[in-house]
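Structure first, then comments.
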């Protein structure tokens, strides 16, 4: 027993060392269908971390859970009461859960600050328990926001929990695989398939179906329905998805597979550093380039507007000067006309004087002739 504990401790220590002693904690988003055993599994994970002295942090994002079998460091129920949300907005259960998650997401930057707070010893793992209604987290704005905030600041892994006993039916198994692949392409994060409840039903059959199409097709042989035919076709389509997928068998009841789980989480964190971080950096560079282009466009537009205003102002000054010139010319012309009128008036007066002189002379001559005649 002591040897097993030492081996488990060494495995957990090696997985934590792979992430780096001073590295940021590995964030695990625990997602799964209702009844898959997510909450009970996190209880077992919490117990394992305490047993192996791993520094972990647990966040509950399910506002509708009535009882938590573990102590959550951050609980959404301490911030939002989803029943009051239902009454206030007149919503049903799913609408209340969705609205409560959206309200909590508006303060999620504070959660990130708490997680990134320096500690001694530093955090190694952060587990986030999501609502049982899987679509509320995976296909909502709040779920996208939470995922992006975590993934942009810390190594983030999606752990998809599968109810193994229910997946013994081939079509139910395919439904789970389709749900998993949709989450993978939605988040673009490393994914780990956790087959829970292996104490009830072993998960080797699922691994065989994922590795061998013929084995899965044989399981569907007795079913000739359209759904079975579709499942066969989808199995061929998902071969590439199966090849790059990590799988572990777990038991939340007995604790089986905990060491393999933490080892797989360390590998997923390395995959995050290898593939997601470069993509994230490239996305940020593209965003910065678009922002730079937008700024340059705005600056060019501003310069064009300023140049247009300056040209209008110059045109206005030129028009004013032209108007002043026209006014001056008009004034000069008016003065010239006035002078011409004055000159004409003076000439007219001179002519009048000349006429009056001529008359006087004629009068004098007439008078003189008369005087001479009288003489």
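Just so it is clear, glycine is given a Cβ too, placed from its N, Cα and C backbone atoms.
Automatic, uncurated: that is what TrEMBL annotation is.
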Given 284-329, 330-375, which one carries TrEMBL's region 'Disordered' label?
330-375
TrEMBL annotation of region 'Disordered' - which of the ranges 1-20, 21-40 it falls on:
1-20
